[in-house]
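Trainee: Marked as domain 'PAC' by TrEMBL: 224-276. As annotated by TrEMBL, coiled coil applies to 267-294. What TrEMBL records for 294-516 is domain 'Histidine kinase'. The feature domain 'Response regulatory' is assigned by TrEMBL to 558-677. The 4-aspartylphosphate annotation in TrEMBL covers ASP607. Taken from TrEMBL, the feature domain 'HPt' covers 731-827. Residues or ranges marked as phosphohistidine by TrEMBL: HIS770.
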Amino acid sequence: MPKKTDLSFFLINTVEEPIFYLSSDFIILDLNASARKIFKITKNSIIGKPFSVLCSDHDLKSLEYPFDRNLKTYLGKKTVFWDSLCLKKPINGIQFIAIGTIKNQTNQPAWNSNIKTKADNTNPIDITSQFLTKQINNKSQNTSDYVNTIYRYMENIIAQIPVSVYWMNKDHVYMGCSNNMVKLLNLNSRYDIVGKTYEDLYHEKSTSYYKKADKAVMDKGISLSLEEPFYYPDGTKEIYLSNKVPLRDLDGKIIGMLGISVDITDRKKMELELNKAKEAAEEANNVKTEFIANMSHDLRTPLSGVVGMTELMKEQVKDPVLVQYAEWIFDCSQQLLSLLDGILDIVSLGNVKEDELKITSFDINECIAELVHLEMPSIKLKQLDLLVNIDKKIPRIIKTDRIKLHRIILNLLGNAIKFTESGYIAIDVKLLELNNETGLIYFAISDTGIGIPEDQQTKIFDRFHRIIPSSIGKYKGHGVGLHIVQSYVTLLGGEIQVNSEPGIGTTFYFELPIQIEKENEVVNKHYKPEKKTITPAPKKEKTLDKYSKNEFLHNSPNILILEDNLVARHTIESLATQEKCRFVSVAKGKEAIRLAKTNDFDLIITDIGLPDIEGHMVAKLIREWELSQSKQPTPIIGLTAHVKEKSREICLKSGMNDVFSKPISRQLLQNILNQFIASKDKNFAAFSSQKTSSREQTIEADLPENEDNFFNLDAYPLLDICNAVSIMGSIKLVREILPLMIGEETRKDVEAIEKAFHVKDWETVERIAHKMKGGAANCGAVRMKYACQYLERYQKKGYTKLLEPLYQQLIKVVADTQKNIQEWLKN
């Protein structure tokens, strides 16, 4: 049967003549509304019966195509004359269409004379077109009737369209609409809309929208597609997608507007729900990012302590073996800090791209040597032997994703050490193929460990799969290492395999395609990328040679230090002195700008949060002055307690060369001096478009996730001397700086913040807390640092509920910290 959505179905159901759909053997398959009305029958009572039951003096056997001209049906005083059409191809079983013309018995049927019945080019829409045209021609006695007939048919079609259709004249008076529009406006019929205006039909909120759009269509002759609100009298709103076009007469003159509107309220609700879901997902991602960022201090603080103490150990111990152990601890800690920084940087920026490759050129021998150096302490501790065999035919410089290759081998090497109690670990790297620009390298990590049972060898690469359950507790881990290894090997274009026998040992091996780069075209791109970075400082004695005592008074670097916190300022001063640098230090930005204009400094180090003018504005004003004087820019380094990407970007755009998180350490200062001052003799351009992106220290924590944790500061020490030593470089400097924390400067800060609290001047409270945090961070007063940070950041974010208890907590922690410092200094 024709589908109810077909145009032919609507048209045939609007005509007055009876129409039957017949099969190839003239069985009735369907009929239109007029046929049911004229013959007073239902579909169920007639479908499936032969068409001959309706025809006088004919039976099924005598029916044939085309119908006999005398084929008819008597209906009282009227007679139905039948004609037929044949479809070229049956549609849903329909082969013939029987069309009846009702006449008085005295009239002659007029159907057969004009309708084409050839089957070679006939389809349902052609039949409908012919039929309607014939009906119009039959019934139209003059032009007016003809036009009215056409209008009636076309209006009837528009009335059935299942969306809101409407049209109006240039005076914004409606001239017609569809039945769907009638239902929407709660009219009795579609003729009720004729002569109506916006005010007659719509809520006042809707009227303003419609008038503006309709006027634009008719005045400018443009088509519009837009979303429009429809308000019900009770205020309920629906959203419609409207398409509006100008109506023109035969001369092209605009005479009105035609519009079609579709209800998209449900779709808009769905979009809103999707947006909410997207926002929730983004919020969850932000929570994850914030959680990882908040972990930075908890992870970095003990690591910084390890680094500081091992550096002191290297200087003090005399036993060569202990010195070697200290070197290993120091190097491993530094690599772990570097790895932690990389993870935190990536995750905090929301740019985790573990499924993307970053192809770089690097020294394969150096890469393997790093891994060996990293794992050597563990190998020595278990008294294992390490065998390293690197094929000499392998080009020294290769191109692939160094980071992923490093992690692949590191994971495999770590597993080999973990599961091997005696014997050896072996690393084999062999060249399998070598062409002009490409090659194929074989990697294998072998051990004499416990081995892997055969039934487990297909499962070991599954995520979270552990051969030995965690409940046994012998081997730590989460079962994700080998899954990551397999993922990375596949991403690099290889396939990892395993050979293992329990009690004998295991070998993991894989082949990787690599690109070849000629050595004379490479200068260790992994360690010296095109983008400038802070590179590791040379050994201490070499750094001191650069600024020797003979040059200290006249030619040593001259630094301008801008820091409003006394402790933090003295820390930087002490570190600068250790590096044989001259310095001038101030607490206010305006004074720093004045000094920068009247002195020749080699470097400017500035805090970001200052009492009178922000650090980035200081940099901006200095850069503007330098430009006006055609003066070579002086390197400017920013220090802040919370390096966020947005604030970092602002600082770099203002003219700073880099921004680091507090506290500054001696190592960081050495790196800055080597990068920015040592480079001045090599045509160094400080204010460059190539801003460095590396950071010595990572993003610090802002606020805890829940309110209870704001006041759980007991986990942080009042005074962490190891942390202070790692920052300042020596225990002597710690003893010199700590008295400042219980001196006049801190007393004035406490008095100022108490005064601001009593008048509820929370902005001043925030500023002083920020200042006090800088001093605490520099001298290892960890609990005080967090008490200041929580109060400062809570106020900065506009919260109010916990301000007073956070202030009370800060006052108590400051008092406890000062007492603890006094006791430590006495002892």
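Just so it is clear, glycine is given a Cβ too, placed from its N, Cα and C backbone atoms.
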Trainee: Are there residues of the same chain, six or more positions away from ASP607 (4-aspartylphosphate), whose CB falls under 8 angstroms from its CB, and which are they?
Mentor: LEU562, GLU563, ASP564, ASN565, ALA568, GLY615, GLY638, LEU639, THR640, GLY774
Trainee: With every protein chain in view, how many other Cβ atoms are within 10 Å of the Cβ of HIS770 (phosphohistidine)?
Mentor: 26
Trainee: Could you tell me which three-state DSSP class the residue listed as 'phosphohistidine' falls into?
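Mentor: Assignment for the residue listed as 'phosphohistidine' reads helix.
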Trainee: DSSP helix, strand and coil counts for the domain 'HPt' (731-827)?
Mentor: 83 helix, 0 strand, 14 coil
Trainee: Please give the average pLDDT for the domain 'HPt' (731-827) in this predicted model.
Mentor: 89
Trainee: Provide the three-state DSSP residue tally for the domain 'Response regulatory' (558-677): helix first, then strand, then coil.
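Mentor: Secondary-structure breakdown of the domain 'Response regulatory' (558-677): 59 helix, 24 strand, 37 coil.
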